[in-house]
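Novice: Take this structure first; my questions come after.
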Amino acid sequence: MASQASLKLQPSNQSQQAPPNITSCEGAPEAWDLLCRVLPGFVITVCFFGLLGNLLVLSFFLLPWRRWWQQRRQRLTIAEIYLANLAASDLVFVLGLPFWAENVGNRFNWPFGSDLCRVVSGVIKANLFISIFLVVAISQDRYRLLVYPMTSWGNRRRRQAQVTCLLIWVAGGLLSTPTFLLRSVKVVPDLNISACILLFPHEAWHFVRMVELNVLGFLLPLAAILYFNFHILASLRGQKEASRTRCGGPKDSKTMGLILTLVASFLVCWAPYHFFAFLDFLVQVRVIQDCFWKELTDLGLQLANFFAFVNSCLNPLIYVFAGRLFKTRVLGTL
């Protein structure tokens, strides 16, 4: 059981190649047994709340009763376009979680066939990128609203938001193409399982995957999120100094706290995943060969995957609330 750590049978995004000699470290079997018993229940819980939250967000934005709720404005605003796309992305994302939970609970013996192996893994991978890129787009939109409020309105920006969302979905699909093409179910005789794994045809693919996942999927988006939110905080701080007599302090403090919550949520949910994904790259290129670190990387990836998936539950709550608060704050500056 523990030797599947060497296989790195992550269901969503990791590349795996079964080594000829399968070994395990002392104490690893117990750790994997505990993970396979406990983790599926947590994943199903995340799936339930993720489905509920994102369906509620989409129903508010898109269903006909929204017209009764907000009669004066039937078209989606810029923020709502991004939030609706984020909810749709997270909804598709969490639909793949039951397959992942079953895979882990079944001790990584994939029971759904090769087609679902490729489709589920590819869809999860695509929406990993789509969700992160949309978070960047939301941060950029709020940056423009609060730092340059007088130039941030109009139909032209609405069309730009729609085009931006379309490009983000296309980019997510393109970045997940290797997963769609190279995922398959392979028999692992040593473990007596048929595993859904990603086998790269050449060692160079490991470096490509690291750049794609860690750089394009985390470091660059993180830099953009930090840049936009730093300037938002600086703008709010300046507005607070200029408008003390208008009782703007509490609202500014609430907005600043929300911004810090957004950034902290992104880091807490995604940083562990990308840290262990980078360790996995070092294992694949044989920079790390110690048994302990290999086992730690494999177990860490499974747990970090879970924290990344939790983000799909937090997004509806955080970003919809953030959208309403930011809209109120921007209208107050005009």
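Each Cβ is built from the backbone N, Cα and C atoms, and glycine gets one as well.
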Novice: Can you tell which of C117, C291, C313 Swiss-Prot lists as bonded to C196 through a disulfide?
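Specialist: Out of the candidates C117, C291, C313, the one Swiss-Prot links to C196 is C117.
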Novice: What does Swiss-Prot say: are E80 and Q289 on the same side of the membrane?
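Specialist: Judging by the topology that Swiss-Prot records, the two residues are on different membrane sides.
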Novice: Between 1-21, 148-168, I'd like to know which one Swiss-Prot lists as region 'Disordered'.
Specialist: 1-21
Novice: For the transmembrane segment (303-323), which partner among 81-101, 119-139, 259-279 gives the most CB pairs under 8 Å?
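Specialist: Answer is 259-279, with the largest number of Cβ pairs below 8 Å.
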Novice: Short question: which residues 6 or more past the ends of the transmembrane segment (119-139) have a Cβ under 8 Å from it?
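Specialist: Result: 11-13, 79, 82-83, 85-86, 89-90, 92-93, 95-96, 99-100, 112, 161, 164-165, 168-169, 171-173, 175-177, 179-180, 183, 196, 198, 216-218, 221, 224-225, 228-229, 262, 266, 270, 308, 311-312, 315, 319, 322.
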Novice: If you count Cβ atoms within 10 Å of each one, which of the recorded positions C117, N192, C196 comes out on top?
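Specialist: Answer returned by the neighbour count: C196.
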Novice: Distance check, please: Cα of C117 (disulfide bond) against Cα of N192 (N-linked glycosylation site), rounded to an integer number of angstrom.
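Specialist: Distance (Cα to Cα, whole Å): 18 Å.
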Novice: Checking distant contacts: for the transmembrane segment (42-62), what same-chain residues at least six beyond its ends satisfy Cβ-Cβ under 8 A?
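Specialist: Hits for the transmembrane segment (42-62): 69, 76, 80, 83-84, 87-88, 90-91, 93-95, 97-98, 100-101, 104, 306, 309-310, 312-313, 315-317, 320.
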